[in-house]
Amino acid sequence: MKRLKTNCLSCLLRASKDKSLRTVWPCGSLLHPCWPVIMGQEPRTLPPSPNWYCARCSDAVPGGLFGFAARTSVFLVLIGELVGHTERVSGFTFSHHPGQYHLCATSSDDGTVKIWDVETKTVVTEHALHQHTISALHWSPQVKDLIVSGDEKGVVFCYWLNRNDSQHLFIEPRTIFCLTFIAQTPVTKGCYLATGSKDQTIRIWSCSRGRGVMILKLPFLKRRGGGIDPTIKERLWLTLHWPKDQPTQLVSSCFGGELLLWDLTQSWRRKYTLFSASSEGQNHSRIVFNLCPLQTEDDKQLLLSTSMDRDVKCWDMATLECCWTLPSLGGFAYSLAFSPVDMGCLAIGVGDGMIRVWNTLSIKNNYDVKNFWQGVKSKVTALCWHPTKEGCLAFGTDDGKVGLYDTYSNKPPQISSTYHKKTVYTLAWGPPLPPISLGGEGDRPSLTLYSCGGEGVVLQHNPWKLGGEAYDINKLIRDTNSIKYKLPVHTEISWKADGKIMALGNEDGSIEIFQVPNLKLICTIQQHHKLVNTISWHHEHGSQPELSYLMASGSNNAVIYVHNLKTVIESNPESPVTVTEPYRTLSGHTAKITSVAWSPHHDGRLVSASYDGTAQVWDTLREEPLCNFRGHRGRLLCVAWSPLDPDCIYSGADDFCVYKWLTSMQEHSRPPQGKKSIELEKKRLSQPKPKPKKKKKPTSRAPIKQEVYDGNEDESIRESSGPVENGVSDQEGEEEAREPEFPSGVASVGMWPNPASSSGGLYCYYISESLTKKRKARSMLPLTTSLDHRSKEELHQDCLVLATAKHSKELNEEVSTDLEERFHLGLFTDRAALYRMIEVEGEASHLENGHPELFHQLMLWKGDLKGVLQTAAERGELTDSLVAMAPVAGYHVWLWAVEAFAKQLCFQDQYVKAASHLLSIHKVYEAVELLKSNHFYREAIAVAKARLRPEDPILKDLYLTWGAILEKDGHYAVAAKCYLGAASAYDAAKVLAKKGDAASLKTAAELASIVGEDELSSSLALRCAQELLLARNWVGAQEALKLHESLKGQRLVFCLLELLSKHLEERQLSEAKSSSYNAWAAGTDGPFVERVTAVWKSIFSLDTPEQYQAALQQLQSIKYPSATNNTPSKQLLLHICHDLTLAVLSQQVASWDAAVEALLRAVVRSYDSGNFTIMQEIKKRTTLNPFLLLLGCDHLRDKLGEHQSPTTPAFKSLEAFFIYGHLYEFWWSLSRPCPKSKQSEQMLITCKELFSEKHASLQNSQRTVAEVQETLAEMIRQHQKSQVCKSSTNGPDKNESEQVAEQSLSSPPSEYMWLFCKCFLVHPCVIFQTWPFPDVLECCLILLHIGSQCPGSVTQDMQQQAQELLQKYGNTKVYKRYCQTFCT
């Protein structure tokens, strides 16, 4: 396929006449393939979805420029974004005047209308004339500089761009949904207007007649897959488009997203044509919001539509078929996952409650995306494909749900019956563990699904029985490892590819490594100090199998650590090993790490995503940043490396976008620092914010000081507002201003001038006489009292009825009716009538008027205390006084009343008071549980400790629960107290160390030592010393190491490091300065090694061989990784001093073999890191100087023994490195007059030791092997890529050249097979372990250069020998050019 340079959509159809460039799309139309090519090159691949419920938020102009409003910006297809609004964009329109196609206008909920130049993506001008939310926008098609906008209060503004003038008109106080200009059509000779309404009709209006002329009723279309949702009528958004040159045709949307083309000449038949009637599934699936036309340069008419289904579609008006579809995202892109079986399928978990599966290998449709939404109903936060089963996709949601989708069927997903209590963080497939693994081979699956949730629990789900219960693996971890302390909160899970090792990341920053089948803990990595967000194992198909033991991890502290766990896993230790040193450290991000992914095409290449808004590619073996992607406008949440293209990476963020980008096209190599990082943060903050609620104006009758109530509501709103998704805020943080409250008795309040003030200001309040009068008490029987103040006739009638009732032996029906009507006479008749009067008074006078306490008093007068309590409890009106009187009704009534009052207090959020009442009836456990469930932990502990037995388990549970919450909130000291109270000292020490500063680590180490956790104490003390070492606080570091006797060996290392640093500082070889040296570091007399041993003897009491041997054994168990060019200088110096300490200790115990090996390791570290300064200092300051031995001191050689010692090769390598250093010193001195001293001549003679034929041959073989491996790796990648493309492509036939290329890759020729064999036959010594040796050819070149600069200084024999070595072994790329210079 040819690559075309274009920036418009019109070329898609204009170039379709070129037969060599045509592509047949699924719908049958012919489109130019530059659209998928260009969209593939463009970084943005899936944009945010167009805004909903906007009458005009998409538009296009002739030539192919198309854009739509998405959240707070405008997305221009193939161009980019227009960014500037701070809230949702509600309108977007182009200028349709020739010469002004590059201008467009936008309106937003932020109250502004902006005019843009799309070529420069800048604002030309803007206005904020509206006082209310803007709801409609249009650019006049007749007047080229007129932009019209309307708002929700019915105000329309006309703005003239060129003269910067405006006018407004008020039509009616209702929301304006749409604005349009009416032009007279030449065909019909009149003005007509089409309108659509929620009444499901389309009406055609004649503007000249002023009445409707046609009504079209929307049809109910039965499509495959079900009928119309009954609630669709409420959501109907009827969109219309009247084609410009076709006055008898009208396009409209329908109920379910269909598009209809109406024939207005046959309206009586209601004749319409359905778009894409012949192709199933091409229509929108939900209501359509916008329709906009597009005319190409070859006069093709297109129609673009946006819908609630989040798709943008392009229609050919000639065929009514869909040309292409652009999918979009309606939420954060939380997760990305490539299928390991169908390698081109990318699953995307989105915050709009849908899963997208994107076939990235599709040739005919560059956006072949399927949506899955059934059974999800929440944000999709985690995804994971089954490793072997095709189409099996596991997903986790924000509400804790875990399920399985079959992406090749239309069936709803299977949902696990066990939910997480919080968000699902991670999903992973791994081997079954007990109890699932205890079944037979046919009774259990080969792989089970593991999910990690926000509550810190990892669950194992049986994919065969998702309806069954999932198992918490913490129980298995406790039983296998006999753990009694609280397990850490898990935040991440990752299985090694072979399924034998599982890594768990924790909230405290630790990573635990477990071994199957019973999850035996073999290693704990104490590197991160904050929550671990992501863990990833290196793939196993690289050229170096040992790299499969590399594990990368990222946390909230913005640093990525890579650990090599080969030694730990292969040794299978009996007790867990603690790792505190990383294999590689990748620093550069400025915010927390959210995702990491290894490249499946390279060895040791990693990509990371961060909250700093960038994705970074690293070479982990060299600790080098390679490239940095900055295309997102938000925080990155996920990243995935394409399994097919080594140069392609996908990333998702909270800007509603998924980007496909190429590493080779990035301008930057490192994450942004300083101002650039601040700019990215500003871009991220340009997100839509919830609008603050309007403050209610105070309506009090008295003046109030304004300063008292002028708060910063807007600032509090900004701080409390969360991320906005789908145009709706996740949380409403606004609080209305409270109205001032005044005493109910205030009748009038005024002010008078203060006589003591010269300014005459108003300061004092006064109260009128009405406030001093005593209020009359409310009557308990107001109805009865009012009935006694009626007319005289009514009062006389009351007397007659009362007399008849009192003196009649039997009451007839008439008298009984009169007594019921005159209930107030119950005060003078019998008790039953009195009770009826009290009930009427209570209900009618007190309850209905809001005075329940008076009603309760009336009921008490009746003596029905139990009834009063029941009524008050049912209405939630119990009071302290009623409960206090409850014992009068009996003990059981009192118990019931107290419980009811406690429940009522809980509904009123008075939990402490409710607990106190429960304690009064001896319900201690209920009171404690009430306080605990409402987070009153301090009060709950006080009650439990005062009222329960000390050994009661609920007390420990309270301590642990409160400690976990305090730990999560960052209150580590108080959390440690809680763990100590729960007798969990191990957890107390760990939580104190979480902050990671020196003071916290020291306190945690002391605490662990006090409680007998020696191993933890030792680990924390060492971490504290290392933190102090970074600050060059030598005194503090030694004090920290004193905390534990097992760290005595480390004290010796730090002592030697301090003396060496002091020496380098005095010689001005070190950039760092320190003033906190110990007193014993001041002396500078005598050889360096003697000073070191003297300090060890005087300060650390190291005198006898047994003491030296014990220290040596402590340090020999510690191994550090090899150095690289990017190893920090402080870390390098510590590792070198560790080796030097081993050398000095070995010398003191006469272990000369170990001394030589340790000294060689120190020299090789400085050699590998390229630090010749430290290398020369080691040579000068140690007594084991091979150069002096060559001058006549054979003491060390004698110590090694007369016979061939196993360390003899190491000694020779050490000699070679020291000669190598002197050779460089001599070369650097050539800037001065040529040295002629005997020492220099003898030094040059000793350089013959560097001309080792054996090492030259071995080094040449290693270089050859490296070149062959690089060639083979490239051949394998090309071969795999060709096979994948061949199997997935079903397009046109390939030409002859492509077939020949594929054939050459699928069957490698004989010369490639020879390279494959040569990789193993070049040299037999390659497979054996050899000691490091300086590069022989490099030494030959330096010696020949010295001979050319100082003739006569190098003998002819040596020059001839150097030239022979170069001619024989200088055939590789590195030395070929230099060998030609000296050998010709």
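The backbone N, Cα and C atoms fix where each Cβ goes, and this holds for glycine too.
Database features (TrEMBL):
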type     : residues  : note
REPEAT   : 82-126    : repeat 'WD'
REPEAT   : 192-215   : repeat 'WD'
DOMAIN   : 340-652   : domain 'Gem-associated protein 5 second beta-propeller'
REPEAT   : 586-619   : repeat 'WD'
REGION   : 668-749   : region 'Disordered'
COMPBIAS : 690-699   : compositional bias 'Basic residues'
DOMAIN   : 1088-1239 : domain 'Gem-associated protein 5 RBS'
REGION   : 1279-1302 : region 'Disordered'
COMPBIAS : 1281-1302 : compositional bias 'Polar residues'
DOMAIN   : 1329-1370 : domain 'Gem-associated protein 5 RBS'
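Sequence-distant contacts of the repeat 'WD' (192-215), counting only residues of its own chain at least 6 positions beyond either end whose CB sits under 8 Å from a CB of the stretch, comprise 180, 182, 185, 233, 236, 238-240, 242, 247, 250, 252, 255, 262, 264, 267. Proximity of distant same-chain residues to the repeat 'WD' (82-126), defined by a Cβ-Cβ separation under 8 Å and at least 6 residues beyond the stretch ends, is recorded for 51, 54-63, 65, 67-74, 76, 133-139, 141, 144, 147, 149, 157, 159, 161, 164, 633, 683, 686, 688-689, 691, 727. Looking at the repeat 'WD' (82-126) alone, the prediction's average pLDDT is 94. Each residue of the repeat 'WD' (586-619) gets a DSSP state, and the totals for helix, strand and coil are 0 helix, 19 strand, 15 coil. Helix, strand and coil counts under DSSP for the repeat 'WD' (82-126) come to 0 helix, 24 strand, 21 coil. Residues of the repeat 'WD' (192-215) grouped by DSSP class, helix first, strand second and coil last, total 0 helix, 16 strand, 8 coil.
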